[in-house]
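One structure below.
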Amino acid sequence: MVYSLATHPHHAHYPPPWFSIAPMMEWTDNHYRTLARLISKNAWLYTEMLAAETIVYQKDNLDRFLEYSPEQHPIVLQIGGNNLENLAKATELANPYKYDEINFNCGCPSPKVAGHGCFGVRLMLDPKFVAEAMSVIAAHTDVPVSVKCRIGVDDHDSYNELCDFIYKVSSQSPTSHFIIHSRKALLNGISPAENRSIPPLKYEYFYGLLRDFPDLRFTINGGINTVEEVNAARRAGAHGVMVGRAAFNKPWHTLGHVDTVVYGAPSSGVTRRQILEKFQVYGDTAVGKYGRKPTVRDVARPLIGLFHSEPGNSQWKRKADAAFLHCTTMKEFFDETLVAIPDYVLDKPIGEPPSGSEDPFANIHSLLPPAYESRELELQYA
Ligand SMILES: Cc1cc2nc3c(=O)[nH]c(=O)nc-3n(C[C@H](O)[C@H](O)[C@H](O)COP(=O)(O)O)c2cc1C
């Protein structure tokens, strides 16, 4: 049976996954997610990718990798891997942590990852394996499963090949939710960062999938930077919108509008001073939890963009760099650095969202690729 995300029993009491924060290695760690949740109550959070092998080999040490505080719900665990046995074990080991969904990484182009045989985005070339992996993951958990992928790899970049991937994975496994980073990956040795900017975005492929697979759910990802664009993507039909870099680089200006503008909630009136007071309490329990790690610098890292484009921002960052060298608690760190930020900045709630930006999806339905006709369907009707 095909579950819709919104009606799956485990999802019923959550806000709909209209807005999610992308999985980002070394960025969406516990510290960042704590900050993100203090700013938005409704955003769905994703972990960094965890390799199935890491979970399996660290099974006596799992809290360090998998623990999070209950406020972080709804939260999705992203795993990566290419070994069915390890994917099964990893899923089982993660069950007690009660993630709300398990997502499988089929989009990472990093050679470190891709070099391990077939891992990350290379898996898009082997939909049969992805379907097996998803079936194995689903068999070892009772929460929904989803796939995050790109729109193609190297010259396997036609709309039809993308549809074949989606068709095979969704018909041969219990996967009904796909997150589409709407550019292809190049495996020719360009860096992971270049692989997030050089291949062009093709949102028309995403909206083609919505048209051609009406029983599945699709979340759009890639290059979406403001809540206005999030709403525009949803107006054009996307079930969900996932934002990565903008949510990390400008957490306040992006996430600060999510509950009101995307979810229609009344403004909470929360200020950055209040958020930082709570973050400090969290931070002082986190610092040094595992011996020398994490450091104040590790815990404070997600704050780097909190004052983006505000008066005092560059002075605050300079003070932060100096403070990292000797501060041993978050309290010390804030006492030493926040003097750079004017009180009115710290005490003002998020304002109106910027408006009047262009709608990148306004014309998208006139640009769609020709409808998908699966070869299997052709055979069936021949
Ligand atoms: C630092 C960094 C790390 C990332 N790590 C992952 C990851 O672990 N798993 C994954 O599926 N995508 C990863 N991505 C890709 C993002 O999830 C997202 O697909 C991509 O950044 C495009 O969205 P954006 O334009 O909104 O940033 C990463 C991106 C960045 C910038």
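We count from 1, first residue shown onward.
Every residue gets a Cβ built from N, Cα and C, even glycine.
No curator has checked TrEMBL annotations; they are predicted automatically.
With Pro23, Met24, Met25, Gln78, Lys148, Asn221, Gly222, Gly223, Gly244, Arg245 listed by TrEMBL as binding FMN, the candidate from His177, His181, His308 annotated for that site turns out to be His181. If you take the Cα of Pro23 (FMN binding site) and the Cα of Cys108 (active site, proton donor), they are about 11 angstrom apart, rounded to a whole number.
When every Cα pair among Pro23, Met24, Met25, Gln78, Lys148, His181, Asn221, Gly222, Gly223, Gly244, Arg245 is compared, the largest distance found for this FMN site is 20 Å. Neighbour density for Lys148 (FMN binding site): within 10 A of its CB lie 26 other CB atoms from the protein chains shown. If you average pLDDT over the domain 'DUS-like FMN-binding' (21-329) in this model, you get 96.
Between the CA atoms of Lys148 (FMN binding site) and Cys108 (active site, proton donor) there is a gap of 9 Å. Between the C-alpha atoms of Gly223 (FMN binding site) and Cys108 (active site, proton donor), the distance comes to 16 Å. The sparsest Cβ neighbourhood within 10 Å, among the listed binding-site residues (Pro23, Gly223), is found at Gly223.
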